[in-house]
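Peer 1: Before I ask anything, let me first share the structure, which is written out below as structure tokens.
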Amino acid sequence: MEGALIARDRVGVQDFVLLDSHTSETAFLNNLRKRYQENLIYTYIGTLLVSVNPYKELDIYTVTQMQLYRGVNFFELPPHLYAIADNAYRVMCSEYNNHFILISGESGAGKTEASKKILQYYAVTCPTTEQLQIVRDRLLLSNPVLEAFGNAKTLRNDNSSRFGKYMDIQFDFKGEPVGGHILSYLIEKSRVVHQNHGERNFHIFYQLLEGGDKDLLCWLGLERNPQKYAYLIQGRCAKVFSINDKNDWKIVRKAFSIIDFTEKDIEHLFGIVASVLHLGNIQFEEDSNGHAIIRDGTQIKWISKVSRSSQIVSILQVLSPLNVDLAFYARDAVAKAIYGRTFTWLVNKINSSLANKDSTRKTVIGLLDIYGFEVLDTNSFEQFCINYCNEKLQQLLIEMTLKAEQEEYELEGIEWEPIPYFNNKIICDLVEQKHKGIISILDEECLRPGEATDLSFLEKLEEKVGDHAHFVTRKLADQKTRKSIDWVDFRLLHYAGEVTYCAVGSFSLTLFQVLCNSKNGIIRDCFLLSELDNRRRPETVATQFKNSLMSLIEILMSKEPSYVRCIKPNENKEPGKFDDYLIRHQVKYLGLMEHLRVRRAGFAYRRKYELFLQRYKSLCPATWPHWHGPAAEGVERLIKHIGYKPEEYKLGRTKIFIRFPKTLFATEDAFEFRKHLLGMVPLEACWRGALARKEAKKRTWAVQIIRKFINGFINRKKPLCPENMEFVRLVQYNYLMKLRDHIPKNVLDKSWLQPPSILEEVRVAAGFGRETLRGAIFRGKKEGYLQSINQPFMDTRLKMLIPTRCFQYVTPVIKYDRNGFKARDRLLVLTQSSAYVVEMAKIKQKIDYATLKGNGGSQCGTSLSHRIKKTFKIKSNHHPCPLNHVVEYPVYMLFGYLQGW
């Protein structure tokens, strides 16, 4: 990180903590813009990662990049998503504790992509086996399935997650991924029945129509044209050029088979998807009594067939006492209830396939991909829940950051100074406090006797929390504010700014009929009999969400945190465009300035003594080139020589803490100057140039050799010529090297290694005379060759030792000493009259055949063999077998020559 500071004027700083004006939002945006324009989309705030969506492919997610960040110190390389993932994994493995990575941001900011990149990083870099590969495939392919049923095209994002997702990846003690578990939060069920202009329903509906085969669609009673279905045409953009529904359908179908869905599960699941589309096409008319009736029963029949649930039909039939408006409302409520519960079933099904059956303790890394704080033109009840969730997560972030800072200060023995910050607990209490919070008031209104309306809920809010500093309605607002608030609205002052919520639609018709006897297994699992037997007061959606959020916070509080904040640079998804106004709002909503103030309240920079000394030791004569004492003393000597003032730094137990960025910048500038002064940069450049030239020369040589041998292979059948000479020589060499290991073990064996066709002369030479072969290979290449031809080695050397003898057989043997059995190389030489043991140019032993006596025949041979062995204590090199056998061969050969066998 320090090395990048030299270019800070052009590309900004890699860590916002190093900004001089850390309280200035303008300085924050300027630094973000500089980096974005250089395609540097990642920046740190301490250990928090800020990510700006580039809206284009960048070459920073390759396997090479993954290996580069694997096992590397967090600040050693430029900011990256892989650094966050690797740091969490390494600390988990070394300290055996649990971690989570919280990914948040607006729709279209890149949260889902960030989650995928982290999963891919673990899939590539973690150790694996064949069984673990199945787990990895299921973890990775759970994403396309969840995206198909939980993502949709919105105005801001073509693949927007319309639900919150928390995934635990489970690791064993060796750091291998062995399982997983997914929790989902608040799927946007309203999208099933209504989409704004320019938006689509969930992807799965379009994928089924576009990619499903003809027989499947025929069985489901569906047509390919999405314009035929009321639930798919409200946004008026069923076809989107950036989305390939047909290809996505294939991926989802493949994922189903790997995640262990049965054909029956898939049949029931698509039956429900088709039923929702048929539900949307049901039309009501008013009869003479003003009640809603269904004139055309075609859709009813299809629903009964494909969902195998006549109960849905019975639900629709009891709607007849309602007027037309309420009947449509009830129809949509049924569709939303079925789809919402089916999505929950889908998540549970994926969890069963990811579950690890081993009961041993696991460590986990959690990935939380959740909707960010947003302010829309009309903010509904669902948006209220989303922003409440972000309030809780912001509170968690500040608390855990402060806790981590305080723990580090205490660990290093540095006095903790209280940090002023905005505590949003007051807003969280306004929403969730028991009996007094907005959710409790909503519960009371939903469940009290009598008629409850949106306006009665608003009046109750004004009565109970009207005096709260962060709550405003039109009735309670001053003259200036009143103009911007409608009569059915209320406004909350969140940590990220003011948001006006519409109270209309806070109450919904509770519609739950007996679907537990359905023949569709999924619907039967979604609507349980136990729910009918439960006499407790049912929870509202708001309370359910609050309870699930509290449970999530408890999970996160038990883990070590890492944070990724995703930012959308513009509304049009254009690469390179940086919209200051839009980004300023997101910086505020994500609480980045607040986090930076907390992180910078103490010291801007901290580093281990060893790392700091290793980098800057050249700035002090006492520490350059080597410091032999403790690193802490070396750093102290170094900063005194540089001239740090006491208020600029603190020395902890293991780290140096620098308060101001300008102090670090001055140190880094001095280091760069020193590098040039010492000639380190030119030397490094020269060395790299030398290595590059050497490598280029090596490649050129390799190209020439390969061309030469390809040409030789093409011309291999021609007579020896410059074009094929090198190739033929190589073939000869390889053949001789192989021949060395395949020479026959005795003189009677006539089999030789079959040579290639172009070495036929070598084969002939091997079969009919070694001298010919030797002459062909060494003629003209051995100094004194002509003089040595007439003096054969075997005759010349042996005749010098044993003159006028007729040699019959010579073989190498091994002699063993009487004491210690030391092995010595010898030659056994057999003549017509005697046997000799020869060492180099010296006769060591001699036996005349006349002194040997025996009974003749094979008995004689065996007896004499034994006597020769006993006398010479020798072992033949020819046979790897016991001594009483190995000399039989040369001894029998001896008697064969002497007796004429």
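A Cβ is built for glycine as well, from the same backbone N, Cα and C atoms used for every other residue.
Note that TrEMBL annotation is computational and uncurated.
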Peer 1: If you check TrEMBL, which stretch out of 227-249, 250-272, 503-525, 549-571 is marked region 'Actin-binding'?
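Peer 2: Within the set 227-249, 250-272, 503-525, 549-571, TrEMBL attaches region 'Actin-binding' to 549-571.
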Peer 1: By DSSP, how many residues in the region 'Actin-binding' (549-571) are helix, how many strand, and how many coil?
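Peer 2: Counting residues per DSSP class in the region 'Actin-binding' (549-571), I get 9 helix, 8 strand, 6 coil.
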Peer 1: Under 8 Å between C-beta atoms and at least six apart in sequence, can you list the same-chain neighbours of Gly110 (ATP binding site), or say none if there are none?
Peer 2: Ser51, Asn53, Cys566, Lys568
Peer 1: Note the Cβ centroid of Gly105, Glu106, Ser107, Gly108, Ala109, Gly110, Lys111, Thr112, the recorded ATP site, then list each other residue of that chain whose Cβ lies within 8 Å of it, in sequence.
Peer 2: Asn53, Asn157, Ser160, Gly372, Cys566, Lys568
Peer 1: Select one residue from Gly105, Gly108: among these binding-site residues, choose the one with the most other Cβ atoms within 10 Å of its Cβ.
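Peer 2: Answer by Cβ density within 10 Å: Gly105.
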Peer 1: Take the Cβ of Lys111 (ATP binding site) and count every other Cβ within 10 Å, whichever protein chain it belongs to.
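Peer 2: Here the count is 27.
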Peer 1: Which residue among the binding-site residues Ser107, Thr112 has the fewest other Cβ atoms within 10 Å of its Cβ, if you could check?
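Peer 2: Comparing Cβ neighbours within 10 Å for the binding-site residues Ser107, Thr112, Ser107 has the fewest.
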Peer 1: Which value does the mean pLDDT take for the domain 'Myosin motor' (12-672) in this predicted structure?
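Peer 2: Residues in the domain 'Myosin motor' (12-672) carry a mean pLDDT of 81 in this prediction.
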Peer 1: May I ask which residues of the same chain, at least 6 positions away in sequence, place their Cβ under 8 angstroms from the Cβ of Glu106 (ATP binding site)?
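Peer 2: Residues satisfying the criterion: Arg156, Gly372, Phe373, Glu374, Cys566, Ile567, Lys568, Gln586, Tyr589.
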Peer 1: Quick one: give me the count of other CB atoms within 10 A of the CB of Ala109 (ATP binding site).
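Peer 2: If we count other Cβ atoms within 10 Å of Ala109 (ATP binding site), we arrive at 24.
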